[in-house]
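Okay, so here's the structure we're looking at.
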Amino acid sequence: WIMGHMVNAIAQIDELVNLGANSIETDVSFDSSANPEYTYHGVPCDCGRTCTKWEHFNEFLKGLRKATTPGDSKYHEKLVLVVFDLKTGSLYDNQASDAGKKLAKSLLQNYWNNGNNGGRAYIVLSIPNLAHYKLIAGFKEALTSEGHPELMDKVGYDFSGNDDIGDVANAYKKAGVTGHVWQSDGITNCLLRGLDRVRKAVANRDSSNGYINKVYYWTVDKRQSTRDALDAGVDGIMTNYPDVIADVLNESAYKAKFRIASYDDNPWETFKN
């Protein structure tokens, strides 16, 4: 999965997908009542990027729905996964469940079109704080009470705080999650970060009793760091330059071993050689 980083304006969906992304990451900010409000990152953000592009969250979802609904004039067949980077740092811990409920209702109405031929992309809810694990239960509860529990088949999870792998496993246990787990590791492109924790996550993914299904690394903009991440065995790379990742995947060393994921590749299944 080539994951286009910080796609917060509808126009950027086309831009990043046309550069080679089959997945995008979008920032979601919340108001003081835990309603998802804007797709917005703000400053500081990655080096070389504009940090202030934004849409109202529900409007972004409508644009995203068009981009992922077969037959729509804006449809991109290869856009198959969306990571919502949930900026829950502005919320109190006891608002996490409410944030999940409100997020689910927004997605149901504006992205899934109330279950009637909505957008088809898989969705990852990426939560920065382990203490906010109740967001997951709130999300599930809202979809269930609205009569669409089947949409949970399209939803996965990530805790993005670079926490100890054991602590993350524990948070999932508390959240009642057994599957659909992506594990992120990374840092802004302005700084360097080693691959030690990525290797631990990959080892967990490949063990018989691990909780992780997929591992992605962020934010990678250079060819050499792309190669290093692929050598470590990641499933996804988040980038500001999808074309750079696509170029490296075309190199002979990687062409035989990796391919770009399509809609038929289940993002919740651990890949077995």
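Including glycine, each Cβ sits where the backbone N, Cα and C put it.
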Selected from Cys51, Cys190: Swiss-Prot disulphide partner of Cys47:
Cys190
Write down the one residue from Asp46, Asp72, Asp85 that Swiss-Prot lists together with Glu25, Asp27 as binding Mg(2+).
Asp85
Listed recorded positions His5, Glu25, Asp27, Asp85, filtered to Cα within 10 Å of Cys51 (disulfide bond):
none
For Cys190 (disulfide bond), what is the tally of other C-beta atoms lying within 10 angstroms of its C-beta?
11
Checking your reading of the structure: which of the recorded positions His5, His41, Cys190 lie inside a 10 Å Cα sphere centred on Asp27 (Mg(2+) binding site)?
His5, His41
